[in-house]
Amino acid sequence: MSDNDELQQIAHLRREYTKGGLRRRDLPADPLTLFERWLSQACEAKLADPTAMVVATVDEHGQPYQRIVLLKHYDEKGMVFYTNLGSRKAHQIENNPRVSLLFPWHTLERQVMVIGKAERLSTLEVMKYFHSRPRDSQIGAWVSKQSSRISARGILESKFLELKQKFQQGEVPLPSFWGGFRVSLEQIEFWQGGEHRLHDRFLYQRENDAWKIDRLAP
């Protein structure tokens with residue numbers, strides 16, 4: 001098969017979206033109410049990693065980057081994730097805190113996009129979550145200098161065993177280079193797939209202490 005033939009096959013991959021629609025009359029005033037409902041349904045549908053979200057950032061040259069992390073908490077203040085503070089995404093957030101999040105619930109023909117500003121969590125918040133993690137995950141946080149170049153996986157595995165021995169007694173301390181971010185809720189868009197590509201899109205945009213809701217063309 002030539003590259004062109006393969007490209008033509010990819011171009012014809014499509015399906016109809018038939019899971020259901022989203023109507024303005026059914027929308028709650030608060031987007032978190034709808035987000036919680038959709039997240040709960042994603043969990044009930046046993047989707048793999050329903051809390052997985054794409055985090056998009058940009059560097060100082062305007063180059064965008066994306067990666068998948070796990071949502072660990074959400075409320076009216078924002079959505080929370082944790083990471084190595086020496087990572088590429090953490091450095092980019094320090095330089096430009098404006099980010100977007102995307103929850104891709106393909107099986108349910110849904111996606112949710114969040115736009116806001118990321119801010120560092122307090123040490124107390126980070127410590128509380130860090131010590132709730134499995135012990136091996138706590139040790140793993142110490143091992144990797146995230147986004148740095150390494151010559152082989154064995155380096156990580158050897159370091160893990162070394163630190164597991166070092167921390168075998170007592171509590172694993174919180175690394176100074178490990179933390180979290182809370183992304184504020186400025187805009188939240190809900191997308192529901194529709195037949196004939198007539199998808200339903202609704203944008204919640206914060207205006208003072210209320211939410212403005214607009215339907216967007218697909």
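Glycine is no exception: its Cβ is also placed from the backbone N, Cα and C atoms.
Among the features that Swiss-Prot reports, substrate binding site is placed at R14, R15, E16, Y17, K72, Y129, R133, S137, R197, L198, H199, with the record citing experimental evidence. According to its DSSP assignment, R14 (substrate binding site) is coil.
What Swiss-Prot records for 67-72, 82-83, 88-89, Q111, 146-147, W191, R201 is FMN binding site, and it gives experimental evidence as the kind of evidence. Using a 10 Å radius centred on the Cβ of R201 (FMN binding site) and all shown protein chains, the other Cβ atoms total 17.
The secondary structure of R197 (substrate binding site), as reduced to three states from DSSP, is helical. For R14 (substrate binding site), the nearest neighbour among the binding-site residues R67, L71, Y82, Q111, R201, judged by Cα separation, is Q111.
Using a 10 Å Cα-Cα cut-off around R67 (FMN binding site), the binding-site residues E16, R133, H199 reduce to an empty set.
Here the binding-site residues are R14, H199; the one with the fewest Cβ atoms within 10 Å of its Cβ is R14. K72 (substrate binding site) sits 18 Å from Q111 (FMN binding site), taking the C-alpha atoms as the reference points.
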